[in-house]
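Okay, so here's the structure we're looking at.
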Ligand SMILES: O=c1ccn([C@H]2C[C@H](O)[C@@H](CO)O2)c(=O)[nH]1
Ligand SMILES: [Zn+2]
């Protein structure tokens with residue numbers, strides 16, 4: 001599975017976004033090490049704080065199906081720059097994905113920014129910090 005195909009998957013996911021409040025559609029695609037793809041879109045709610053981002057939708061779908069080994073995450077939105085994941089998603093990605101995993105951020109203009117999970121959230125609070 002190559003990056004271009006993963007971006008197509010994220011764009012398809014974006015079409016399903018439920019965004020009556022922000023009108024801001026986001027799509028994500030998460031690739032497992034054995035080649036399965038989980039798509040995610042953002043899903044909003046009239047109780048605004050319940051909104052769930054596309055990245056976390058994809059990750060939670062995979063995790064809840066028992067898939068926990070990931071090799072790439074792509075994210076797309078209609079932004080000027082490649083869409084930057086929010087802080088909450090960076091924290092969740094940081095805990096559930098390998099530190100060296102590729103994260104590919106894009107927009108509808110075809111701009112691409114690629115970074116690793118470690119680069120996405122330097123100094124992340126981690127499970128190792130919980131207990132001495
Ligand atoms: O990387 C991002 C940034 C924002 N959103 C969602 C949250 C909310 O539904 C809308 C506006 O913030 O976009 C995502 O899904 N992913
Ligand atoms: Zn987010």
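Using the three backbone atoms N, Cα and C, a Cβ is placed for every residue, glycine included.
Because TrEMBL annotations are produced automatically, they should be read as predictions rather than curated entries.
Over in TrEMBL, the protein carries these features:
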type: ACT_SITE; residues: 55; note: active site, proton donor
type: BINDING; residues: 42, 43, 44, 45, 46, 47, 48; note: substrate binding site
type: BINDING; residues: 53, 86, 89; note: Zn(2+) binding site
type: DOMAIN; residues: 1-128; note: domain 'CMP/dCMP-type deaminase'
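Inclusion criterion for the recorded positions 53, 55, 89: a C-alpha placed within 10 angstroms of the C-alpha of residue 42 (substrate binding site); this criterion is met by 53, 55.
Note on the domain 'CMP/dCMP-type deaminase' (1-128): mean pLDDT across this stretch is 97. Within 8 Å of the centroid of the Cβ atoms of 53, 86, 89, where the record puts Zn(2+), the same chain has further Cβ atoms from 54, 55, 56, 85, 87, 88, 90, 92. Residue 89 (Zn(2+) binding site) sits 20 Å from residue 46 (substrate binding site), taking the Cα positions as reference.
In sequence order, 18, 21, 50, 51, 52 are the same-chain residues whose CB sits within 8 A of the CB centroid of 42, 43, 44, 45, 46, 47, 48, the residues recorded for substrate being left out. Comparing the binding-site residues 42, 45 on other C-beta atoms within 10 angstroms of each C-beta gives the minimum for 45. Taking CA atoms as the reference points, residue 55 (active site, proton donor) and residue 86 (Zn(2+) binding site) are 9 Å apart. In this structure, residue 46 (substrate binding site) belongs to neither helix nor strand by DSSP; it is coil. Using Cα positions, the member of the binding-site residues 43, 45, 46, 47 nearest to residue 86 (Zn(2+) binding site) is identified as 43. With respect to Cβ neighbours within 10 Å, the binding-site residues 46, 53, 86, 89 differ, and 46 shows the lowest count. Each residue in the domain 'CMP/dCMP-type deaminase' (1-128) gets a DSSP state, and the totals come to 42 helix, 34 strand, 52 coil. Among the binding-site residues 42, 43, 48, 86, 89, the ones whose Cβ sits under 6 Å from an atom of ligand 2 are, in sequence order, 86, 89.
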